[in-house]
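Enquirer: Relevant sequence annotations retrieved from TrEMBL are reproduced here:
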type: TRANSMEM; residues: B:12-36; note: transmembrane segment
type: TRANSMEM; residues: B:43-60; note: transmembrane segment
type: TRANSMEM; residues: B:66-83; note: transmembrane segment
type: TRANSMEM; residues: B:104-124; note: transmembrane segment
type: TRANSMEM; residues: B:144-168; note: transmembrane segment
type: TRANSMEM; residues: B:197-216; note: transmembrane segment
type: TRANSMEM; residues: B:273-291; note: transmembrane segment
Amino acid sequence: MTRFHIILATGLVAMVLAPLVFPSIQFVLTIAMAKGFAALGVALLLRAGLISLGHAMFFAAGAYGAAFLATRLGVTDILLILLLSTVLATVVGLIVGMFLVRYRAIFFAMLNLAVSMVAYSLVSKFYGITGGTDGIGVPVPTVFGAVLDKAAFDNLLYYLALVLVVVVGVFVHRYLHSPLGHALSAVHTNEVRLEYLGVSAWSALLVGYGISAALAGLGGAIAATSIGHVLPEYAFWTESGHFVLTAVLGGIAGIAGPLLGSIFLEVVHTAAVGYFAEAWNMIVGITLLVVIFFLPRGLFGLVEKLSGIKDHQGEPKL
Amino acid sequence: MLQTIIPLLVDALANAALIFFVAVGLTLVFSVLRILNVAHGSLYSIGAYVAASVGLWIVAAGLPEWLTFPALLLSAAFVALLFGPLIEKTLVRWTYDKSEAVQVLVTFGLFLILEDLQRMVFGVQSVYQDTPMSLLGISQIGGIVYLNYQLLLIALAIVVLIALKVFIAYSRTGKLLAAVVADREVSQAMGIDTGKMFVIAFTIGVFLAALGGALATPTSGVSPGLGAETMVLAFAVAAVGGLGQVEGAALASIIVAMAKVLAIYFAPALDAVAPYLVMLVVLIVRPYGLFGSGATRRI
Amino acid sequence: MQHFRLKALAVAATALTTLATSAMAQDKPESLDIGVFTFLSGPAAAYGMPGRQGAEIMIEQINADGGIGGVPVSATFVDEAQGAEGVISEYRRLAEGEADFMIAALSSGNCLALAPIADQLQMPTVGWNCDTHQLFKESHDYFYRPNGNTIAEFMAYTLYFLDENPDVKRVAIINPDYSFGHDAAEIVKATLKAVKPETEVVAELFPKLGSSSYQTEISRLAAARPDVIFSNLWGGDLENFIRQAQPRGIFAQSKTVLALGETVLQRSNLPEGVIVGVLGDGWWRSPDAEQIGQAGEFAATYNAKFGEDPVFPAVKMANAFLVMKAAYEKALETTGGTWPTHEQVAGALEGLSIETLTGEMSFREDNDGIVDQIVGTTTMVEGIDYPVLGNMVRYDGAALLPPLGEDPLGWIGTLSPSIFDELPDPGSYK
C-alpha cells in the first residue's frame, strides 16, 4: 500500500458513502461517472497525441443503443442493456476507427468532428426512427428479472456504476501497461520508430480507438438509463468538446484523472446552479485555461503531489 | 426547367456568400498560424450582435438610415481590432509550440467564455435589425421575389475573395504572409517578423468572421447559440475546401450551399444533414479537402 | 436490565411514531415551492418570456390574496433553451430537493421527456403549454395538461380555413422540426384528406427549431405557388419567418394560416387577412373572457408591469396557475385542512374542472384538458394599434377531440365534409 493507493481507497469510500449522507447528490454523481467513462476514453487517445472532437457520437451510440434495446427490442435487464450498448458503441467505434486512425493532428480531430456531426444530424432528422429532436424515453430497466421503482433502481445503478468504475479502471490500467498500451503513447513520442520496431501504429491505434469508443458507449448507456431519456444533443460537437475538456481538467496521466475531472465539474455545476447559472460556461472556460496554463497535469497532478509521486518519466503529456 | 434552375442557383449563391465569409476567415487563420480557432463562431455572432445593436441605435437616434450600411462594415472592423490582437497576444501566441490538443482546448475555453460574455452583454432575447434589407427593396428573378440585399451579398463575397487574392499576391504584407505560410522557419531566418504576421493574419480572420455575422443580421435574427451552430458549418466548409485554402473555401461554400438548397427543394428531410454529408463524402475521397494536402510525418 | 430494554424500546417506538406522524400529517410548509419551466433565452424566448411574466403576475396575485391554503407560492424558473438533457436534470434536482409542484413544460419535446419522470418521482406536474397528442399515448398518473392537444387545434385551423376558402387546391406546410411540427402537419393533411380530398400538398418543410434564416424555404414556398401555407412556427422563429417572408411577397401570394400568430401581432406588422390562432381559448379579449371578467385585470397588471399586452402564452400560464390552485384547494378540502401529499395533489387534479380566465377547462380520464378553440383573421379595429382577431369562431373543444382510446388520425379519417354542418361558422363568435 503506497500513499497513492490509500488516497484512491479513501476516494472510493467517499463515493460509497456520498449518497447516504447527501441523497440529492446521487443523480449528479451517477452522471459524473457516466461522463467520466467517456472522458477516460478521450484521454486514452490523448495519450497517443490524438484529440477527438467527435467522441460524443459513441456516447450517443451507447445511449441510443440502450433506448432501442429497452423500447424496441424488449431487452429490459440493466446488465444486458449496458453490455449490449457497449458492444454496439465498440462496433461503431471500430468501423469509424478503421478510416480515421490513419490521420493525425488536426485532421484526426476534424474528421472525428465530421463523422459525429453527420451522426448528430441524421439522428435529429430521422424523426420516424429516432424521435428526431424529441429523442426517446428509456423505461426503468429490470434487475435479474426484478421490477424496481425508479428510486430503488437509481440507487442500484449508482453502485453498479461505481463497481464498473473499479473494474473498468483495473482493466484500462492493465491495458495501458501492456505492449499495446505502450504502443499507444509511442505513437505520440515517435511513430516512425515504433513502426521500425515492427509494431503497426494503425492496429495499435485501432485497438485504442475501439476501447475508447467502448468506454464512451458504456458512459452513454449509464447516462441514458439514469436520465431516462436520450437525445440527439448527446452527439453534438460541444459535448465532444466537454469530454476532452473533462479529460484534460482531470489529467490524462492516470486513470482516475478523467473521472476526477468529471466529478469535479458536475459537483461544481450543481453548486453553481442558481448562483452563476448565467456564467457557467465562462467559469468552465476560465478553469480550463487556468488548468492548461498552470496545472499541466490536471487535477490528477494534485493527487500525485499528495501521494508524493515525483517520477513522471515516460508518462504521456499533452 | 429554367424556371426551377435559376432560383435554385440564386438561393445557392446567396447561401454560399454568407457561409464563405466565416469559412474563409477560419481557413486563413489556419494557413498562417496552423491553429484551428474553435472560437471563430463566437466572433461571428459577436460581429452580428454589435452590427445589429449599432444599426438599432442609428435608427433610434434618428440618423439617416443609409448609415446602417457603413455601420455593418465598421462594426466588423471594430470587433476585429478589439478582439484580434487581444486574443492573439494573450492566448493564441502562447500555444504555438504546443500540441494540437492544447491549441484546440485553449480556443475551446475561449469559445465557452465568449458565449457567456455575449449573453451578459447582449442579453438572451433575439435581436432584429433589418433596415439595410428594407432600404434596398426587391427584384424578381425567375418569377420569384428576391431581396436585393441577398444579391448584394453575393457581389460582396466575390469582392472579398478577389480582394484577399490581390492582397496576398501584390501587397507587401500579403507577400510576407505567403512567405510565412510557405515556410515559417526560413521566413523567420530571412528577418520576417513572424509574430507581427500572426497578429495581422489573426485579426483579418476575426474581421472576416465578424463581417459574416454583421452582413447576416439584416436578413436574420441574432440569438444565443448562433456561434456554436456557425462554428460547425464553417468547419465543414473549411474542411471540404482544404484547411488553409482560400479558393477551396470559396468553392466549398458553393458546394455546401448547393447541397443544402437542393435538399430543401427536393428532399426537405435532409436539409440539416446535407452540409455534413457533403463533408463526409469529400473527406472520404480526399481526406485533406479538395485543395488541401496532408503534412508530412515527422521523424 | 429487562426493564431498561423495555424502556429503551418504548422510547424508540415513541420516537418512531412521532417521526412517522410528522411525515404523514405534513405540517404546512413555509412556502409552496414550484418549478416553472419555459424558454428564457434564444429565439424561443419570444414566446417563453410572456409565459414567465404571466407566472410572475399570478404569483403576486395569489400571494397578495394570502397564498394557497395560507401558504405563499415561490417559484424557481428553469430555462428550457438549455436542451432537454439539462431540463431533465434540473427537473430531477428540483423534485429531489424542495419542489412541491411543477409547471412544466413549454415544448412538446420536453413534456414527452418529463412525463414519465414525473411519474417515477411522483411529482404532480402540469404541462402549461405543450400540445403534442402523443403525450398521453401512455397513461401518466402525475402529469396533467390543461390545454387540449394538437388534434383539436390543427383540425380547428384547417376547418376554419376550408370553411372560408372552399376552392383551395395547393397546400404548403412549414413547421418546426420536432414532435409539435410533425404532429401538426399530419393532422392538417389528415383533415384535408377527410373533408377536402382533392387538395394536393405541394411543399412540406421542416426547418430546425431556432433557425435564423428561412430564405431558401421562402424561395421554395414562392416557387411552389400554394393557395395556402399552414405553419406552426412560433416564438423568434415565427418573427424571423414573417420578417423574411413579408418583403418577399409571400403573404400577398398565398393565404397564410399561422397557428401561433397571436403571439407576434404586437411585434411584427402582420398584414390583415392572415388566419391566426391561440392554441385553445386563451385570448384575453375574447367575449367569454370578458364575461368571466378576470382577464381584463390580469392584462392591465401585465401591461403596467411589462409595457405590452399579454399574449396567449401568458394567459395559458395564468390558467395553469389557476389549475394548480384549484387542485391544492380541492386536496385541502379532502384532507380536512392538513397539508396534502404529492399523491393527494395529483389525485385532486384527476377529473378537475375549473373556470379559467378565458373559459372552461376540464380534465378527461387520460389527464388531457378539454378547452374550446378560438380561430380568427387579423383585422385592425379602432382603439388598438396592432391587428387583433376578427371574423372569429369558437369551436367546442370536445367536438374536435377523438373519443378516448381511439387512434386520433384514424378518427380524423372517419370525418366527412358534412362536419361543416355541425360546426359554427367563422364570424359567429362575437
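Cβ coordinates come from backbone N, Cα and C, glycine included.
All annotation found in TrEMBL is predicted automatically rather than curated by experts.
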Enquirer: Can at least 3 Cβ pairs under 8 A be found between the transmembrane segment (B:104-124) and the transmembrane segment (B:43-60), with each pair 6 or more apart in sequence?
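Expert: Counting Cβ pairs under 8 Å, at least 3, so yes.
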Enquirer: So, does the transmembrane segment (B:12-36) come close enough to the transmembrane segment (B:66-83) to give 3+ Cβ pairs below 8 Å, pairs being at least 6 apart in sequence?
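Expert: No, since the transmembrane segment (B:66-83) and the transmembrane segment (B:12-36) share fewer than 3 Cβ pairs closer than 8 Å, they do not count as touching.
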Enquirer: Might you confirm whether the transmembrane segment (B:273-291) is in contact with the transmembrane segment (B:144-168), defined here as three or more C-beta pairs under 8 A between residues 6 or more apart in sequence?
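Expert: These two segments do not touch.
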Enquirer: Using a Cβ distance cut-off of under 8 Å, indicate which of B:12-36, B:43-60, B:273-291 has the most pairs with the transmembrane segment (B:197-216).
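Expert: The stretch I would name here is B:12-36.
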